[in-house]
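Participant: Feature list, courtesy of TrEMBL:
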type     : residues : note
DOMAIN   : 72-286   : domain 'ABC transmembrane type-1'
TRANSMEM : 12-33    : transmembrane segment
TRANSMEM : 76-97    : transmembrane segment
TRANSMEM : 109-130  : transmembrane segment
TRANSMEM : 136-153  : transmembrane segment
TRANSMEM : 160-180  : transmembrane segment
TRANSMEM : 200-222  : transmembrane segment
TRANSMEM : 234-256  : transmembrane segment
TRANSMEM : 268-288  : transmembrane segment
């Protein structure tokens with residue numbers, strides 16, 4: 001009787017999940033396998049769908065293309081610049097907001113607005129902030145005697161401009177999740193620590209950080225994956241260009257240019273697969289690192 005009930009409940013569950021499974025299969029799983037297959041096309045007619053030849057030529061071309069390694073370098077700089085800074089700033093703001101619950105709801109909404117706002121709209125605002133002559137950032141720097149910086153026209157500053165905007169844009173999501181994590185930490189831990197004479201820093205490092213580790217791990221993984229996929233910020237901030245003289249080209253922008261501008265579909269697919277493998281390896285390393293610290297901590 002119980003076995004029949006279990007089978008029935010499983011079938012009902014699968015029925016409810018079927019639309020989502022079909023959707024994921026069509027729009028996620030199938031494109032991945034299709035991209036893998038497409039990365040080996042060396043002679044392909046996009047209009048007729050005729051495949052005349054396959055091989056490793058696309059990967060050879062990709063791995064000998066200086067532009068790809070430049071894009072890979074820029075993407076790595078972006079990830080290293082955005083993910084740690086975003087988490088650290090978000091943690092600081094979340095802890096601060098958690099200490100003033102009276103205004104927490106208001107500030108939480110304010111910080112979350114950039115996350116739900118269109119990247120194009122945000123880029124328009126930041127283009128004005130970055131303006132070399134009339135921008136607010138250069139005006140503030142000028143008050144301290146700093147010369148105006150050509151944020152969007154200087155190749156040396158292009159990636160810095162994108163990174164700063166991306167950090168600001170992603171704070172809301174991080175702060176929201178961290179606040180949820182902080183609210184789930186019982187005050188009893190802090191009271192007991194105070195009785196034992198622990199200071200603010202000791203309570204933060206020995207209570208807050210360890211209990212927030214699952215949330216911090218989630219944010220690091222999600223942030224890393226999203227940062228490796230950066231495209232919208234570059235495209236919108238530089239008006240459809242990858243920065244001055246291509247100084248802000250990322251891997252996804254490289255893929256976009258190969259596919260939509262140069263119609264080199266095989267190389268575009270190959271670059272996507274290489275990016276997928278890089279993200280997969282880094283995510284596994286993050287997971288193993290998190291497991292190690294969990295075991296070490298207890």
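Using N, Cα and C of the backbone, Cβ positions are placed for all residues, glycine too.
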Participant: Do the transmembrane segment (136-153) and the transmembrane segment (12-33) come close, with at least three CB pairs under 8 A (pairs 6 or more apart in sequence)?
Facilitator: no
Participant: Quick one: find which recorded stretch in 160-180, 234-256, 268-288 has the most Cβ pairs under 8 Å with the transmembrane segment (200-222).
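Facilitator: Of the candidates 160-180, 234-256, 268-288, 160-180 scores highest.
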Participant: Are the transmembrane segment (160-180) and the transmembrane segment (76-97) near each other by the rule of at least 3 C-beta pairs under 8 angstroms (pairs 6 or more apart)?
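Facilitator: In contact, yes.
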